[in-house]
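Feature annotations, reproduced from TrEMBL:
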type     : residues : note
ACT_SITE : TYR386   : active site
ACT_SITE : HIS394   : active site
ACT_SITE : LYS443   : active site
DOMAIN   : 356-450  : domain 'tRNA intron endonuclease catalytic'
REGION   : 1-26     : region 'Disordered'
REGION   : 123-154  : region 'Disordered'
Amino acid sequence: MASSTSFVIPTVSNGPTDSNNNSNWKSLKDAANHLLPRSRRPNYKHLHRFPLPLHVHPLPPLIPHNPLSLISIALSYLTYFISPPHQHIYCAYFDSTTSSVHVTDAKAIRALWEMGFFGKGSLSRSEPSWLDREKNRRGLTGDATSEEVTGKRRVERRERKLERARKEKEAIAEQLKAEAQLRNCRGDVRPIEFDKALSTLESPVNDAAVAHPNEQPRENRDQESIVRATNSSIPRQYMANGNSGNERSNAGKTVHFSPVVDQMKYDSAQPTLPQLPEHPIPDTDKQEHTRILNEEHLQLSNEEAFFLVYCLGVLQVYDNDRTSILPATSLLSLFRRHSYFPPREPSVPAKPDDPFLLSYVVYHHFRSLGWVIRSGVKFGVDYLLYNRGPVFSHAEFAVCLLPAYSDPYWIATAEKRQKTAKKEGRTWWWLHCVNRVQAQVKKSLVLCYVEVPPPPPKPQPTGANGENDELDIGALLKTYKVREMTIKRWVPNRSRD
C-alpha cells in the first residue's frame, strides 16, 4: 500500500499564547505546502539515458576460465560484422539564410534532443516545446513545459520581492509615525489642542508631514483648497450617495439609469438570453487540436551538424534546394565559407585558422571527453560545458576559444607577426569582464587555446563549389592541438592565506 502523509493542525485558542500559535500555524502550513504532491515531471533519467544518438550492442561477457565465452564473443562479432543491425539515419537541410542546419521531422527532433541535447528549438529557449506550450495556451493539455515553469518561478520571485519591499515601507512609515507622535507629545501641548494633534497623527503620514509635523506644506494647502472649491461647486444631488465628497461612500449605491432603461420591465419567467439551437454544438477542441501544426524546427549549429555527419554518421544533410545529399568534405568546405560574414566565394582557398575549423576542433575535443557542449552566447563565451545535460544541472564551465600561433611559420616575416598578434590580442579589460560574468553566474572560465598548424606546402585541388573529395578530414584534425587553462576570480575575503 502506498503510504500517505497526514498532518495534525492544532487549534488556535485565545489567550496569551496566540502569537506562538499563529507562528506554529504558519510553519505547519508552509510545511504542508512543501509536502503537497507536485505536478508530475518527465523522467529525465529515462528519456536521456543515451548520451549519443547511437544504438550500442554489447558483446557477451568474457570469462577467462571458460573457453566457451570466447566462442560466444566470436560468434556475436561475426554476426554483427556479416549483418550489422539497422542504424536509423536522420535527415536535415542546410539553410543559407541563417547559415545553420534545420531538422523538420518530429521523430528526428525528439531523437537528437533526447540523445545528446543536440540543437535548439527555433521557437523555444532550448528544448523544442512550442507545440506543447501552444496546446496549454488553448487549454487542450494541462502539463506545464519547462519554459512555463521557469516563467512561473520568476513571477513568484518577483512577487516575493515586491511583498518584502511593501512590508519594509510599511515598517518605515510606522516608525516615522511613532517618532512624529513622540515629538508632538514632548512639546507643550494644551489640552484643547491635544485632540487636533491626535487627529493629524491618525491621518496617513507623508514625507513632508514627517519632516515638519507642525507645518503643512504649501502644495498640500493648494491641493486642499482646490479640492474644497471643487466639492463646493458640485451640487449635492449629483453625488453618488447624496453625501459630500469627504464622506465615505456606503456599500450599496443607488444607480440611476437612463429613462429608457428605467421604463423597461423584465419578466423573471422569460429567459434573458435567446434560445440556443437544438442541434448539438460541434466539439471545437478536437477541431483545434487537429488544426495545430508544429511550426517549430530544430536548429543545429554547423559544429553539431558536422559532428553528427562525420563523427557519428547518423545525419544526412541536404543542400539548400533539398535535392542532393552533401558529403562530409562538401560540408566542411560549405561550413568554412559560411563561418565568415558575408560568406566567402568557393574560389577563395581555405585557411588553417578558419573560424569553423577552430570552433569544431574545440567542440570535437570536449564531446570526445563526454561533456555536453552547447552555445555560450548567453554569457559572452563560445561554449558551455554540462556534465549530463541542461535538464539535470547548470553548466559548470564556460569556454572561450583563443587561437595560438606558436609554429615558426607564423613568425617568419613581420607581416605574419603583425597579423597573428592582431588575432591573438586580448585586453585585460576583456578578460576581467568575462571572468566577472562567469563568477557572477557561478561558472569556471576555461581559456581553450587551439594551436593553429601552418598551411600545407602544396594547395590541394578543389571542385567548383570548393570541396575536395580527396581531403582526409581525420589527418587534418590531427594537426590541431588543444590546451586548456582554467581561471577563477580571486576574492580577498574568500582567498586568505
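Quick reminder: no glycine exception, Cβ is built from N, Cα and C everywhere.
What TrEMBL says about a protein is an automatic prediction, not a curated fact.
Mean pLDDT across the domain 'tRNA intron endonuclease catalytic' (356-450) comes to 94 in this model.
Under DSSP, the residues of the domain 'tRNA intron endonuclease catalytic' (356-450) split into helix, strand and coil as follows: 44 helix, 23 strand, 28 coil.
DSSP assignment over the region 'Disordered' (123-154) gives 17 helix, 0 strand, 15 coil. Of all Cβ atoms in the shown protein chains, 11 besides its own fall within 10 Å of the Cβ of HIS394 (active site).
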